[in-house]
Ligand code: HDD
């Protein structure tokens with residue numbers, strides 16, 4: 001079998017991918033050997049004393065093969081176990097030397113290799129991709145000055161303020177300890193028990209209940225460094241910074257019902273989407289955004305920039321787009337690369353530094369520590385995927401799995417036996433910790449500046465569009481509705497949600513069968529900060545996904561439902577309109593055998609109604625052709641295809657007779673199909689006749705965003 005080669009379109013040449021080459025094992029044209037390189041000519045029969053006799057201990061090939069198999073598994077990550085990764089590069093647009101000495105941020109000619117791993121948080125390695133969860137967005141920059149890891153999420157805040165609570169939070173959100181239920185879901189008693197008792201979780205919980213937690217694709221979600229970091233320039237001057245990733249394809253979500261169905265129909269939906277887009281040459285791209293805040297302004301905005309449950313509204317400090325990340329190569333081997341990659345918040349390069357955010361401080365320890373168990377010893381930085389592209393020389397030694405062979409007799413500092421080597425780096429290019437002045441009493445306490453837990457939760461909720469708010473309410477009804485203990489439901493509603501938005505609390509209370517709070521006063525306007533006089537905003541449009549770019553349908557997948565007798569010429573026109581905008585049309589038919597158009601041309605469906613479902617597509621098109629449409633109306637799965645696409649608010653194009661499929665699907669809230677020309681009500685493009693002019697274009701234009709207005713009852 002030929003080795004998998006990246007597709008012609010992918011450009012895999014970065015310094016990192018070259019450095020991986022000596023480690024790649026190419027099987028092409030080689031013979032089978034043991035780990036010791038001994039050629040083997042039979043791997044199907046063990047060595048026995050007589051063909052019906054016992055297997056012999058001396059069969060080293062048999063023992064080695066089983067030994068290797070018996071030890072294939074390593075512990076999965078304690079959180080973020082399920083993930084998918086890709087290689088790529090980062091390039092800064094113009095020098096940021098005013099703020100940082102980090103070379104990869106000051107030299108626009110540099111293409112810094114990266115490896116990115118996206119993940120869900122709560123589920124096991126084999127769990128489904130589209131569950132309601134936070135998504136990890138971890139980037140390893142292999143810079144000339146060592147590895148910088150930006151270990152972020154697709155949500156800009158976190159559940160807790162101090163890392164000492166991380167084990168409690170993770171225990172509460174993961175499957176419950178007595179029966180290990182539920183898998184990859186936060187809809188259970190222990191999580192909501194924790195939330196109801198720990199109000200600092202409120203802001204992040206609102207994000208978790210929002211559409212952000214069910215992204216359409218890893219390629220269509222934002223990323224955030226969450227904490228406030230420091231950039232430090234060559235003169236030692238620091239600037240506080242918040243890191244953002246902005247996807248060039250915009251920010252898009254699934255519908256909740258769709259996400260749940262996808263978990264069964266295609267549990268690898270996000271992983272597959274990432275893989276396929278890179279194979280096709282549709283490289284995912286994100287711009288790096290920075291919010292820069294002068295050192296000393298940590299408390300200016302009425303909350304504490306060291307508090308990871310707070311975001312800094314973009315309307316107060318704009319996000320400057322400073323460079324671009326491109327993912328252009330799939331890993332060759334999932335385990336060797338995606339599973340063994342080890343990120344660590346403490347991996348920073350000269351010019352980037354930490355702050356005293358107590359959540360970040362805990363992370364500085366935890367990531368290094370967890371790899372010892374996960375990767376079996378202290379030498380994980382020598383694994384090919386983790387190895388820096390710059391030289392590594394030090395006096396660390398030994399330990400399980402050591403790869404490097406130090407050649408010097410001196411394994412200590414200072415030394416003369418090794419000529420004093422490795423010598424200490426010049427302080428100007430070495431990592432220097434920012435000389436922050438700190439003093440205080442040893443104290444186990446939380447700063448008063450961390451005490452406002454609700455203002456930003458309210459700000460987030462009120463900044464969402466109406467459909468997004470409705471989705472959030474429905475998510476709360478679902479999640480809290482699954483909580484068995486009524487007292488937990490009571491506490492969530494009457495101690496947490498009521499402080500976010502009283503009307504929201506009343507709605508959820510009714511849905512989950514608890515006493516609604518008494519709402520006497522009109523709700524207060526939201527603001528970013530609880531503190532009077534601080535610069536603040538009453539709404540942050542940037543928090544609504546509907547305000548991110550929605551003008552492109554590039555890389556979207558559209559299904560065309562066909563049977564014999566479909567309108568072939570029309571389909572060609574629609575395909576062209578979609579392709580011109582970078583989208584793909586896939587034919588779904590009754591079988592994988594060719595179908596014949598009414599013009600007599602054969603087309604071969606890529607999928608069938610049993611192997612595909614509307615949840616795998618961004619939009620659905622049913623070409624005209626009376627015979628084809630009549631056949632589709634007799635196939636319940638085809639009718640379901642149309643019904644589901646409608647319910648999930650996706651663009652639909654139904655030509656001529658095909659509009660009748662909506663009746664078969666029980667869609668009754670649309671006016672009758674047009675008798676002439678075109679109609680585009682509620683994202684459903686219908687034409688009176690096949691090949692109506694402008695049909696394909698109108699359809700293409702309605703795909704970029706969901707038609708959430710369908711969720712509201714139709715006007716009376
Ligand atoms: Fe974490 C993994 C992101 C708080 C401890 N975390 C992990 C990964 C991501 C994040 C993306 C997966 C990395 C990968 O793909 O391998 N974590 C975050 C963010 C946080 C956060 C954005 C808050 C701002 N994490 C956090 C805290 C702690 C940890 C407070 C502990 C005190 N996280 C871990 C860990 C993991 C991890 C246990 C599990 C696997 C690993 O590190 O390598 O150490």
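Each residue, glycine too, has its Cβ placed from N, Cα and C.
TrEMBL entries are annotated by machine, without manual review.
Here TrEMBL flags 1-25, 515-551 as region 'Disordered'. Residues or ranges marked as domain 'Catalase core' in TrEMBL: 33-421. Feature annotation from TrEMBL assigns heme binding site to 77, 117, 166, 363, 367, 374. Feature annotation from TrEMBL assigns active site to 80, 153. The feature compositional bias 'Low complexity' is assigned by TrEMBL to 527-537.
Positions of the features from TrEMBL, shown on the structure.
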| residue | record | Cβ contacts under 8 Å, 6 or more apart |
| --- | --- | --- |
| 77 | heme binding site | 83, 119, 370, 374 |
| 80 | active site | 119, 120, 121, 136, 138 |
| 117 | heme binding site | 83, 84, 85, 136, 138, 338, 341, 343 |
| 153 | active site | 134, 135, 136, 137, 223, 224, 226 |
| 166 | heme binding site | 160, 359, 362, 366 |
| 363 | heme binding site | 151, 163, 345, 346 |
| 367 | heme binding site | 151, 342, 343, 344, 345, 346 |
**Asked** Including all protein chains shown, what's the count of other C-beta atoms within 10 A of the C-beta of residue 374 (heme binding site)?
**Response** 17
**Request:** Let me know the model's mean pLDDT on the domain 'Catalase core' (33-421).
**Result:** 98
**Prompt:** Tell me, by DSSP, whether residue 80 (active site) is helix, strand or coil?
**Reply:** coil
**Request:** Please state whether DSSP places residue 117 (heme binding site) in a helix, a strand or coil.
**Result:** strand
**Request:** Write out how many residues of the compositional bias 'Low complexity' (527-537) are helix, how many strand and how many coil, based on DSSP.
**Result:** 0 helix, 0 strand, 11 coil
**Request:** Find the longest CA to CA distance in the recorded heme-binding set 77, 117, 166, 363, 367, 374; express it in Å as a whole number.
**Result:** 21
